[in-house]
Amino acid sequence: MPTESLRRQLRQRRRAISPAAQQRAATAVAEQLQQQRWFAAAHRVALYSASDGEVATQPLYNGCQRRGSDCLLPIIAPHHQLLWALWQRDAILTANRYGILEPPAPWQMLALTACQVVVVPLVGFDRDGNRIGMGGGYYDRALGALASSNRPITVGIAHSCQEVAKITPQKWDIPLDYIVTERELLCAKQK
């Protein structure tokens, strides 16, 4: 199936998940991640603001706040780039041009290399850590700009219904280290 058709189908699938099931999935994903030593040890975690049926990151944010870890959210910048702003506890997030919530200005910007873990949204995934995103290439560019020796752990979070048998990666695609769904945590980095 062509990638664009698959992307449409997977987006419809995740948007069809009920609000109650969405909340259960977000809680289950957060619980699984918080049990991992490498996640619990992270002082800074890059998250995303969920939209379009993506797994919500608020439970992850709450867990990070409880243990004193900073969280960053992406800001969409010109030229399809992502910048990373500190997510202040009491900040009221505002919608960007795509309707995705971002921290309000003025921003306290940090480099992605300041994070030990980057949580990545996805539309589809396979068990090798390959992902289909929304098609803009924002995360591939952001992660591709990091030297492999200095790259944070990358974690894609999704609903289990977003899994596909095989994704053929493009040359610019950056595979993820882990995928977490409401059912399981997959380690892809050792494959």
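Using N, Cα and C of the backbone, Cβ positions are placed for all residues, glycine too.
Taken from TrEMBL as is:
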- Glu54: substrate binding site (BINDING)
- Arg131, Ile132, Gly133, Met134, Gly135, Gly136, Gly137, Tyr138, Tyr139: ATP binding site (BINDING)
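Separating the Cα atoms of the residue listed as 'substrate binding site' and Gly135 (ATP binding site) is a whole-number distance of 15 Å. The local packing around Gly135 (ATP binding site), expressed as other Cβ atoms within 10 Å of its Cβ over all shown chains, amounts to 10. Sequence-distant neighbours of Gly137 (ATP binding site): residues of the same chain at least 6 apart with a C-beta under 8 Å from its C-beta are His80, Trp172. The ATP site, placed at the center of the C-beta atoms of Arg131, Ile132, Gly133, Met134, Gly135, Gly136, Gly137, Tyr138, Tyr139, has further neighbours from the same chain whose C-beta lies within 8 angstroms: Leu122, Val123, Asp140.
Under 8 Å, Cβ to Cβ, and six or more positions away along its own chain, Gly133 (ATP binding site) finds Val120, Pro121, Leu122, Val123, Tyr139, Asp140.
Taking a C-beta cut-off of under 8 Å and a sequence gap of six or more, Arg131 (ATP binding site) has these contacts in its own chain: Val120, Leu122, Val123, Gly124, Phe125, Gly156, Ile167, Asp173, Pro175, Leu176, Ile179.
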